Amino acid sequence: SDHRHVLSSLLSGALAGALAKTAVAPLDRTKIIFQVSSKRFSAKEAFRLLYFTYLNEGFLSLWRGNSATMVRVVPYAAIQFSAHEEYKRVLGRYYGFHGEALPPWPRLLAGALAGTTAASLTYPLDLVRARMAVTPKEMYSNIFHVFIRISREEGLKTLYHGFTPTMLGVIPYAGLSFFTYETLKSLHREYSSHRQPYPFERMIFGACAGLIGQSASYPLDVVRRRMQTAGVTGHPRGSILQTLCTIVREEGVVHGLYKGLSMNWLKGPIAVGISFTTFDLMQILLRRLQS
């Protein structure tokens, strides 16, 4: 029974991550390009970038780097959702609660632990995806080419460049995302006549979770992207503090550390809403098939 539970969580999480990231891939690529450049972000400039990318490189180029995203997101989402279910069970037993009835602090801890577990195991794939998103097709032909060139030209340790800000960012992001979603579902059960939320309600809960989680961790996301792509964008390679100070000095706090946040407010809630809803509905479907 435990093995089936873990397997269904892994499968549901993988599908949830794949659908969510593919849906927002063009917006995600645009956001990364602005994050790693010194250009000022605006909705007009973002649209112009999308439009000229489409004109110069074709429609499918808007999804450039999505194959690397899938290679990273499928295991990341599978591990994160599955780990979250397991952490909930462990903490539930420890605190004498069961499943989704965890009190607030353990609920926050379960989400943070799930995020750090998944990020630790899949980090090099995230770096490869960022490199592919900000470079022309001629530089890296595929995922394996990125790994080979980085290993040969910059050293294997480069594959973990930006790992620390990732860990610092994923704790509030994953913790608050899962905490918000689980709390909203718990409140729904308490105050609604329906035991299970409708799919559109799950989407709204997930959107709120994504908005809160991504807003809290966004400056560290910008720092992480700068560190990951320093070898190909001309930015100096440095520590978290050096990168942070450089961004603030050259671009300011709001225009530098929060560059592209408005786009994240568009794509983040969509992606997180899709992923949480897909995971829950897949879990319900698999439980029914098993029974």
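Every residue gets a Cβ built from N, Cα and C, even glycine.
What TrEMBL says about this protein:
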type	residues	note
SIGNAL	1-20	signal peptide
REPEAT	4-90	repeat 'Solcar'
REPEAT	102-187	repeat 'Solcar'
REPEAT	197-285	repeat 'Solcar'
Revision key, fill the gap. Secondary structure split (DSSP) over the repeat 'Solcar' (102-187) reads 72 helix, 0 strand, 14 coil
Check your understanding: So what's the average pLDDT for the repeat 'Solcar' (102-187)?
Key -> 87
Check your understanding: Could you give the number of helix, strand and coil residues in the repeat 'Solcar' (4-90) as assigned by DSSP?
Key -> 76 helix, 0 strand, 11 coil
